[in-house]
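**Q** So Swiss-Prot has the following annotated:
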type	residues	note
BINDING	C68, C73, C79, S308	[4Fe-4S] cluster 1 binding site
DOMAIN	80-297	domain 'Radical SAM core'
BINDING	C94, C98, C101	[4Fe-4S] cluster 2 binding site
Amino acid sequence: MSRPERLQPGVKLRDADKVARIPVKVVPSERETMLRKPDWLRVKLPASSQRIDDIKKALRKNELHSVCEEASCPNLAECFNHGTATFMILGAICTRRCPFCDVAHGRPLKPDANEPKKMAQTIKDMKLKYVVITSVDRDDLRDGGAQHFADCIREIRLLNPSIKIEILVPDFRGRIDAALDILATEPPDVFNHNLETAPMHYRKARPGANYQWSLDLLKKFKERHPDIPTKSGLMMGLGETNDQIAEVLKDLRAHNVEMLTLGQYLQPSKFHLRVERYVPPAEFDELREFAESIGFTHAACGPMVRSSYHADLQAQGKEVK
């Protein structure tokens, strides 16, 4: 057997190339076997695309990335049209190969030291009042990228003193305590880390991740910052049952997580994990009611809900679905 080619820095691997060496092989889906999208998942495009074009131009001008584009989010048009975007720092190449995600895999470049200042200025120019910052996984960095998060938060607040900042962080595998020490110097207004799915599906959906580590990350942050809301998100449609999701919600509450997002998984390409079922809106409503009954202060549950979808409204406690 020939040895796999060494990854070249900055080269993006997608689709079949991305998932070629994960533990549970993904069999490409044939179009005729893929489930047909139900009517409740039809996305309405805005009448005008000017605002969308303006945000894309601002991102390109400042060499910034949005997870909206890199992960092919179905809500991109709606969010960009409302003047909101989720910034993705530390480049657009992830060191993981999660087969549900459309972000490219590969060997990332060195972090851009100017990114925090460029992001702060862009946010000021866009007159944003609430911003979500996320990142690719950077297992190649000693701190997993924690210092870059802290630098971004600091620079954003210097130019935008009244802004609210939510961070959606990776799992900082093997360096949770060190990462939290760094983030304690510039804590966010909301701390978010997604569990993504039930633990029995981690091997196929989140290779390289660990369910308990993710729970521990959320709990340890909350222990350090009891006044800062913690948040997590899950996808449905990967083969889990509603009872399994309910158990995850109980685990999240046992680890002091207060905010929840729950949405429908959509298959980015035939090379990604297939959608096992489309969950009806009524079932999302039932899970939202269950989440609220066990103590979540806010639960955004619906087919099109994503972690940062109307995150500003989520933080205000308003209904999002």
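Just so it is clear, glycine is given a Cβ too, placed from its N, Cα and C backbone atoms.
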**Q** Would you mind checking how many other C-beta atoms are within 10 angstroms of the C-beta on C98 ([4Fe-4S] cluster 2 binding site)?
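**A** A 10 Å sphere around the Cβ of C98 ([4Fe-4S] cluster 2 binding site) contains 22 other Cβ atoms.
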**Q** Please tell me which one of the binding-site residues listed here (C94, C98, C101) sits closest to C79 ([4Fe-4S] cluster 1 binding site), measuring Cα to Cα?
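**A** So, spelling it out, the nearest of the binding-site residues is C101.
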**Q** Should C94 ([4Fe-4S] cluster 2 binding site) be counted as helix, strand, or coil on the basis of DSSP?
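**A** Reduced to three states, the DSSP call for C94 ([4Fe-4S] cluster 2 binding site) is strand.
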**Q** In the same chain, which residues outside the set C94, C98, C101 have their CB within 8 A of the centroid of the CB atoms that define the [4Fe-4S] cluster 2 site?
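**A** Apart from C94, C98, C101, the close residues are R96, R97, P99, F100, D102, V103, H105, V136, D137.
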**Q** Expressed to the nearest Å, what is the distance separating C94 ([4Fe-4S] cluster 2 binding site) and C73 ([4Fe-4S] cluster 1 binding site) at their Cα atoms?
**A** 17
**Q** Return the average pLDDT for the domain 'Radical SAM core' (80-297) as a whole number.
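**A** Averaged over the domain 'Radical SAM core' (80-297), the predicted model reaches a pLDDT of 95.
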**Q** If you count the other Cβ atoms within 10 Å of each Cβ, which of the binding-site residues C79, C94, C101 comes out on top?
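**A** Of the binding-site residues C79, C94, C101, the most buried by Cβ count within 10 Å is C94.
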**Q** Quick check: in three-state DSSP terms, what is C73 ([4Fe-4S] cluster 1 binding site)?
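**A** Going by the DSSP assignment, C73 ([4Fe-4S] cluster 1 binding site) belongs to neither helix nor strand, so it counts as coil.
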**Q** What is the total of other Cβ atoms whose distance to the Cβ of S308 ([4Fe-4S] cluster 1 binding site) is within 10 Å?
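**A** Excluding its own Cβ, S308 ([4Fe-4S] cluster 1 binding site) sees 28 Cβ atoms within 10 Å.
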**Q** DSSP three-state call for C79 ([4Fe-4S] cluster 1 binding site): helix, strand or coil?
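**A** It is helical.
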